[in-house]
Structure formats: structure tokens, C-alpha cells
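Pulled from TrEMBL, these are the features on record:
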{"type": "REGION", "residues": "1-43", "note": "region 'Disordered'"}
{"type": "DOMAIN", "residues": "52-159", "note": "domain 'Band 3 cytoplasmic'"}
{"type": "DOMAIN", "residues": "177-301", "note": "domain 'Band 3 cytoplasmic'"}
{"type": "REGION", "residues": "304-353", "note": "region 'Disordered'"}
{"type": "COMPBIAS", "residues": "323-341", "note": "compositional bias 'Basic and acidic residues'"}
{"type": "DOMAIN", "residues": "356-781", "note": "domain 'Bicarbonate transporter-like transmembrane'"}
{"type": "TRANSMEM", "residues": "387-407", "note": "transmembrane segment"}
{"type": "TRANSMEM", "residues": "419-448", "note": "transmembrane segment"}
{"type": "TRANSMEM", "residues": "468-486", "note": "transmembrane segment"}
{"type": "TRANSMEM", "residues": "498-516", "note": "transmembrane segment"}
{"type": "TRANSMEM", "residues": "599-617", "note": "transmembrane segment"}
{"type": "TRANSMEM", "residues": "637-656", "note": "transmembrane segment"}
{"type": "TRANSMEM", "residues": "685-704", "note": "transmembrane segment"}
{"type": "TRANSMEM", "residues": "725-749", "note": "transmembrane segment"}
Amino acid sequence: MKLPGQEEFDVSSAYENVPTGELVSGPGSGPSSDGSSDTDSRELGVPKDPLLFIQLNELLGWPEALKWRETGRWVLFEEKLEVGAGRWSAPHVPTLALPSLQQLRSLLAEGLVLLDCPAQSLLELVEQVTRLESLSLELRGQLQSLLLQRPQHLIQTTSTRPCWRSADPRQAFHDEEAPLKEQCQNPLRQKLPPGAEAGAVLAGELGFLAQPLGAFVRLQDPVVLGSLIEVPLPSRFFCLFLGPPTLGRSYHEMGRAVAILLSDPQFQWSARRASNLHDLLAALDAFLEDVIVLPPHRWDPTARMPPPKCLPSQHKRLPSQMREVKDLSARRGAPAEDKHGHPPHAPSPELRRTGRLFGGLVQDVRRKASWYPSDFLDALHPQCFSAVLYIYLATITNAITFGGLLGEATDGAQGVLESFLGTAVAGAAFCLMAGQPLTILSSTGPVLVFERLLFSFSRDYSLDYLPFRLWVGIWVATFCLVLVATEASVLVRYFTRFTEEGFCALISLIFIYDAVSKMLSLTRAYPIQGPGSPAYGCFCQYPDSGGNESQWIRTKPKDSDDIISMDLGLVNASLLPPPECARRGGRPRGPGCHTVPDIALFSLLLFLTSFLFAMALKHVKTSRFFPSMMRKVLSDFSSVLAILLGCGLDAFLGLATPKLMVPREFKPTLPGRGWLVSPFGANPWWLSVAAALPALLLSILIFMDQQITAVILNRIEYRLRKGAGFHLDLFCVAMLMLLTSVLGLPWYVSTTVISLAHMDSLRRESRACAPGEAPSFLGIR
């Protein structure tokens, strides 16, 4: 697109005089706090540069009291000052009017352009700009006093204080050199990464100027310009657009135009490296080549487009010669991706075969030893406390669920107490000794199915279940040790993303199914009673002295709480409530005698309330309510607070909802057995050898379940610092299989859903993120 009067500049001239090393360096409009990229615009396309914060100060009050007010700011998106509401608008994609770009280009071509200005303060900068302009001494002094006036920021609570109290502008500005206290305490400062720079744009109408005044200044070294910018950042760019109000120019829109240009990564990259006016105008022309124009009367200019979830790549906007260099660099340095954009599983050091017996296990132990002290020190972070509570509740509810299911599947051979004890022993031992302690061990659905089949087989053939199960566990531990010795875990690098996602989806569906089925089982145990429902039927049968059933009994006149016939002194026994009926020696009969109303519906309400409340608190982190620290705490403790809310509602109403029945004594669920399982019991000796066949099937199940979960948790995109431990984790699972088999406890293996939830509760995100930009993922704590 060419504007009227626009010369034929070569767009590639905006990128000339750039060293080759910069062309192949990474992109950037600003590094994050950990050095990682902040947005997608830091893809291949532009080298890394400090993030630029742009502020627009507009001159208001002509012809009366002149004052500067901050009316807009940009980092990646635009925020406008809503004067009536006294707040900043939500970040949105900025839109421009085409005439403002035309006016800006002509003003830049005719105005003052200073590149690598050596000024070290705002006073020196203003003096240098006004000295180079063709102004009289009187106008120069008035303009200097005006430019040195402190602007009004939204963070200020007091009115602006003019700085031209003295005729000498140096004396008027002398006490305004340092940033204000409000600037240093600005919450926006926490959202900007270290090393960020600022750009100041001043625009407005000034009646004592006869001609428009335009200046574009790039400072040689970024300098903090006192209270000019609301955040005390070193400024790299200074733009000035002033002029008389009678020339039909919108200086406010021209200020917005140059601010939007500076917020564009490509123009900013070119403006930082421009050597003359020609390069600067060429960069503006390159921006115009990609501008999308909307037809009039088809778009409301006041409408605000929300920031996109994913920013488009800047690679296509490069000149052809730069794009070829970047493509060559990408092909040499970047790994190939599949058709979905996912990088392949790189052969990490943990998955390289050593060729020695137990070689992989030895490497995992050495790697674990170097990080072992930091595992305890990292746990002292406050975020870990919320993760501990969350995982405690997740594992204990899982232990209750699978303990009850195991009790039903094994006819009481294992129950809730064994599940609690096994979860504590196996979980603690694995976290202390495993190579990847982020993994959570628990009972899983596939292992539960295997337990049910093994118990059915033992019952059908009159075998002693626990001794038979002991030998199966011994053989599974042996097979797993063989897999560890032969470094079979290196085969997991052949697992595809489809395998991982399919396995993850299957486990998630199992958990969802269990939750829904448990809720539906309550409706069967406590049926919902509608009007006229036969479930309401309940009467009391009271035997008379002859043993016959009678509906009437004689009561004393003082029993005023009974249903009394005052004339006959009789009470209708069929109307007695079940507890009173049993106390008087009767027998409650009917389907509604032992049914508690409202249990099913209230349990459903608790179920939905806890879930929705937890999801709502999880999204508080990205909302605009409460301070940022409180939002983070509410998000981290969302599950704990939701469970406490549900328990509080249940306790407040006092309904007889199903509760966990904890055994009063610490002893096995099955009467007559001890904590150590007999090796044979009533089984023949050869069954210890025959147990190798089902153990082989279970070993395959354990290996797949454990290693697929480990592969998912150790993906490269999670940015784990301490590495994985595939061989050491499988060795620990084998030892725990042996221990739990001897004690008659449930078998444990890595559970995908709870482990991913554990990792998600420990994720670190950048605190420095531009308004409108989602926080960038920094890794796992």
C-alpha cells in the first residue's frame, strides 16, 4: 500500500547494515524473567530486543491551564484511559485511521529525526530538541517549560503540579529528576520483565505554534526520564507531535499511530537499527505493506477487539533475503516436527542404552543423588503446601474408592484400611527413593480388574487367594527386575503422541465414569421420592399378647407426644415412626422405613457445588478481582476450598449423607489373618511356579502403565530441571510390589491423572506478562 506522496523506498533497506549474527538470533520483543520467550512474536523473524513499554501523554486544557495527561499505553496491546471511570480499559488490539498514518509519514519526513541522541536526562533531551527546531527564544522557553511539566498519571491521587514556577526551566525541573514514589509502587512494574525499556510519545494542540512540530528521537543509551513515564523504566524513544489546532490535524491520532508502530515488533526492530531517515521511512512502508484496511461503514471504530489467544508468526513479514537466512538456520538447529507441530521424542540421556547390566539404573541413581538435597529444599516453597493438601485429598479419596471396590471384589480380603496403609507406605517410599518424585502411586483401574479376575479364579478352583497373590507379586517383581537389568525402559522413546494421549484419555474417562456411577448408586440406595411415591409406605406392626399383629396399643394419658385417641386411650401403632416403633417392641414394615429423604438430591448438589466452585476458583487467577497475590492463593487452593465448602454445607444441614466408615482398630479387614501372608497356606507347592503365567500378564500391564505415565510426565515441554528416572522408578515399583504382596496390601503403580494434577499444581508461570498476554509457562517447581 502506498500513501499519496510516498516515495519508492526499498523495504529491504530497513534491514540493511545488520550483522549476520543478528539475523539468525532469536526473536524478541522482550525476554521473560527466565529468559524464555514471552509471545509467539518471538519466533523466527526478529532478534531479541528488550520489551518496549510505550506511553502516550496528551496535552489538554488549551487555551486555559495546560496539562499533560497519560491517555494511552501499549506493550503488546493498547489500553485506553477511561476518564469517567478512572481506570484503564481492557487490553485490546489497536486500530488506526489511514489518514493518521499519512499525516505521521509527512510529519516525520519534514520534522526532526535524531538517532543515537547522547542526552542523559529529560532536561538535556528537551533542550536539544528545542534547540534544533526553528523557534524563537521566547517560544523555545515556553516549549521547554511545557515539556518539563509533570504529566498526570492514573496512579497519582493528587493533582498535577506545574513545573514552570521559575523562569529558569533548569531550576523548575531540578526537584523532578528522580521518579516519584507512586511510580516505583506501580503494579504495572511487576508485569514487565527485567530489562524492559520505555518509549514516550507526547502529542497535542498548542495555540502559540504557527507550524506543526514533530520530532522522533532515539536515545543512544536508555535513560530514566523522571516522572515522564508512569513506570520508572529507562526510555529508548521520545516522540513529540505538537501544532496549532487550525490545520485539521489530529495530533492525538498521530500519537497513537507512532505508539502502535513502536509496539509492532518488526517496526521496533528496524527503528532500533535505523541509521537515517530513509531507513525509518522504509520501516514505516514495510508496516504499511501488511496493514489490513477495513471498508467504511462496515466497522465501528470504537469497537475493541480482544487479544487473540495465539499471536500470528512474524516470519512471513520478513524480506525474502532474511527469510531465507532464517529458514536455513531453522533447518540446521531446530528438530523436525510432525504434521501436528509436535516435536518428536528426542533421545534424552535417561533413554540411552549403556550396554551394561543395570547401567541405566546406576545412571539414574547418580542423577538422583546430585539433586536429592534440593528435593527437600524446594518443598519449602509456599506453593508446595497447597500441592501437598491437594494431593493428600486426591490420594485419600482414591484410596477410599479403590479400597471399597477392592473389598467388594475380594470379599473382604482387602479393604479400606489396607488401601490406606498401602497408599501411605508405597507413596512415602516411592517419593523418597524414586527418580521422578512428581509421580504419584495409587491403585488403578486395570490393576483392580486384574485383582478381581485373580480372586474369581481362586474362588472357582478353591485356592487360597492371598498366598496365590503373594507368588504372583514375587514373580512380577522378578520380571520387573529383569526389565531394569536389560534397560528395557529405553523402548518408551518409541511411544507416539497418539499412544500417550489415548492412554491419558482412557484413564480420565475411567475417573469420570467412576464419579458418575458413584453418584447414580446413591440414587438407587436412596431413591428420590415424589408425591404419591410408594417408597413413602412405612407402618409399624405391633404384636399383641397372643402374638397376633395389631395396629392399636394402649397408652398412658401423659404420653402427650404420641398420636392419642383421648376417648379410647389408644394409639395407631402403624403411624409410629420407625425408631419409636422399635422402642415399643414393634417391627417397622414397608419400603420407606429405612429411606432417608433428600439424600440423593443433596448429594448431587454437593457434587456439583464442589466441582463448580473448584473450577470457578481455578479461573480466579486470570480474572480482574482481588489483588494478584490473593488470586494466586485462591487458584492454588481451589480444590481444598471446594472440599471444605462441601463438607461445611453437609455439616451445617446435618443430613445423613454417606460418610466414610473408618475402622476403629488397626487390624486387617479379613478376620483371622495377620499382616504377613503365608507363602502357601492351603495351596499346593506347584502353584508358586504356576503363578508365573498370570504374573507375566500383570508385568506387561505394570510396565506399560508405569512407563507411559513417566513419558507423559517427562515431556520436554514441561521443562523439568532434574531429569527423569525411568529405570529407577521401575525398580522402586518392583520392590514395592514385593512388599505389598507380603503384607497383603493392594498393588500400586503410577496413576496418570493424579500425577498430572500434581504436576499442574506445581507449575511456575511468569509474573512479568504484558497486559492482555497470558502468563508464560516457566516449568515445574
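Glycine is no exception: its Cβ is also placed from the backbone N, Cα and C atoms.
Note: TrEMBL annotation is automatic and uncurated.
Counting same-chain residues at least six beyond the ends of the transmembrane segment (599-617), those with a Cβ under 8 angstroms from any Cβ of the stretch are 515, 519, 522-523, 526-528, 634-635, 637-639, 641-643, 645-646, 649-650, 653, 655-658. Only sequence-distant pairs (6 or more apart) were considered; of these, at least three Cβ pairs between the transmembrane segment (725-749) and the transmembrane segment (468-486) are under 8 A, so the stretches are in contact. In the domain 'Band 3 cytoplasmic' (52-159), the DSSP tally of helix, strand and coil residues is 35 helix, 33 strand, 40 coil.
Most Cβ pairs under 8 Å to the transmembrane segment (468-486), among the stretches 387-407, 419-448, 498-516, 685-704, belong to 685-704.
On the 0 to 100 pLDDT scale, the domain 'Band 3 cytoplasmic' (177-301) averages 85 in the predicted structure. Counting residues 6+ beyond its ends, the transmembrane segment (498-516) has Cβ neighbours under 8 Å at 401, 444-445, 607, 708, 711-712, 751-753, 756 in the same chain. With DSSP states grouped into helix (H, G, I), strand (E, B) and coil, the domain 'Band 3 cytoplasmic' (177-301) comes out at 43 helix, 31 strand, 51 coil.
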